[in-house]
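Over in TrEMBL, the protein carries these features:
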type	residues	note
REGION	1-94	region 'Domain I, interacts with DnaA modulators'
REGION	118-334	region 'Domain III, AAA+ region'
DOMAIN	151-279	domain 'AAA+ ATPase'
BINDING	G162, G164, K165, T166	ATP binding site
REGION	335-454	region 'Domain IV, binds dsDNA'
DOMAIN	362-431	domain 'Chromosomal replication initiator DnaA C-terminal'
Amino acid sequence: MPKNKYWQDCLSTLEKKISPQNFSTWIRPIRLKDITGNLVHLVVPNRFIRDWINENYQEIIEDTISQLINDKCRIKFEISATNTIPENEITEKDSIVKAIKKTDITSAETEKKNSGLYLNDKYTFEDFVPGSSNQFAYAAAMAVANNPATTYNPLFIYGGVGLGKTHIINAIGNEIINKNNNLKVCYYSSEKFMNELINCLRYAKMDEFRQKFRSMDVLLIDDVQFIAGKERTQEEFFHTFNALYESHKQIVVTSDKFPKDIPGLEERLRSRFEWGLIADIQPPDIETKQAILKMKADQNGIYLPEDVTLFLANSISSNVRELEGYLIRIGAYASLTSTPINLNMAKEILKNILIEKNKEISIEEIQKNVAAYFSIKVSDLKSAKRLKALVIPRQIAMYISRQLTSCSYPEIGDKFGGKDHSTIIHAIKKIERQLEEDYQLKITVENLKNSLTN
Ligand SMILES: Nc1ncnc2c1ncn2[C@@H]1O[C@H](COP(=O)(O)OP(=O)(O)OP(=O)(O)O)[C@@H](O)[C@H]1O
């Protein structure tokens, strides 16, 4: 099968899996260049598209190609501003398969010298914009990177979705390797940790698994909240943690919640996470958002006018990933249509997203979010049960309802199982008082409000 026909098949399959708009923005511009070993070389017009695809579509593209050729492959991108397709055709599907089979899949472990196992070298401190919202986590991360296993161990970084946890934990690893190339550093998402554990259990390779993690100098585990409720994973992680900690090795974990707010997390792990330093990342303020946008635009060679930067920083999300996504969308549009970026264009591109975001928040949504956050039922929020585990979330939900909706006290009472307006006033006053002294509660409420408004 000629190479282009083969790529067409791949595109047709992808077209069925991805929404039309996303398909034409992100997938359509990709060209197949070449195949070497198990690597499929693709060409994209710019860094935006490459990074976006890597983050959002890499797996689906690899799976689609792997299925078509009946073998496992990886994709690699090249950037070509002119988007030319070199014509070194591979004519038969068989020869593609053969080429892929010839080379064993090179694991990321052996691919580079010492660049840290599974570390993303794209995420460094130089590329991280510090601001009042992340200052504490940033300083703690730098301190750990400069003196691993001496100052803060473990370092526990937590914050809402898309606020830079993965970036900062990888930056720690990259910085450590830059300073001392002999140290063994590995980065694992907790899901990857779990999958590898399951595989090792299945194939009776637990000794290998233990040996691998326990030989590390620095263990970085991202999104640790996902191991909560997974008994075997927590147990293995607990032993790994102890072994490393006792040998004075650095451990850094990130999570979307404070340890005591992670439902299903074993007590012994929770207490260990609290042994070291706990640092939070808060949603960025407008100035930090502007600085991030400017840096990302610069890095990608986009000219982003001041008024567009301000518009983006003001009107959209505090979730930096989303912010970056909008910048990428605008940049890709400008690049694909060869039009300069201006305010009207940015408004037009983001019109639908903004309408969606500006919709008024309902009490039902607030209840759903608060219940999910505390892993309780919405019906418990509406009930009159006096358990502490329900009373606090209920009062928080009432407080947020008053803050984010225009509902009156009696209306809020109605939505909470027909409670009297005086109960609502009492709950709100109580939360207001506690917010002044309980920093942890303040962050929980901020995170919840943020997840509802972004
Ligand atoms: N302060 C910052 N400076 C520069 N880039 C940032 C900053 N904060 C976040 N980002 C960027 O935002 C994107 C999302 O960040 P990241 O993936 O680290 O978030 P996260 O907190 O790990 O999200 P999740 O909760 O979904 O795991 C990344 O591209 C990252 O580079």
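Easy rule for this one: first residue shown is 1, then count along the chain.
Note that Cβ sites are derived from N, Cα and C of the backbone, with glycine treated the same way.
Annotated features, which come from TrEMBL, shown on the structure.
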residue: G162; record: ATP binding site; Cβ neighbours (10 Å): 19
residue: G164; record: ATP binding site; Cβ neighbours (10 Å): 23
residue: K165; record: ATP binding site; Cβ neighbours (10 Å): 22
residue: T166; record: ATP binding site; Cβ neighbours (10 Å): 19
Confidence summary for the domain 'Chromosomal replication initiator DnaA C-terminal' (362-431), mean pLDDT rounded: 93
Helix-strand-coil residue split for the region 'Domain IV, binds dsDNA' (335-454), DSSP-based: 89 helix, 0 strand, 31 coil
K165 (ATP binding site) - helix vs strand vs coil (DSSP): helix
ATP site shell beyond G162, G164, K165, T166, criterion: Cβ within 8 Å of Cβ centroid: G159, V161, L163, H167, I168, T254, I281, V320, R321
DSSP helix/strand/coil residue counts for the domain 'AAA+ ATPase' (151-279): 67 helix, 24 strand, 38 coil
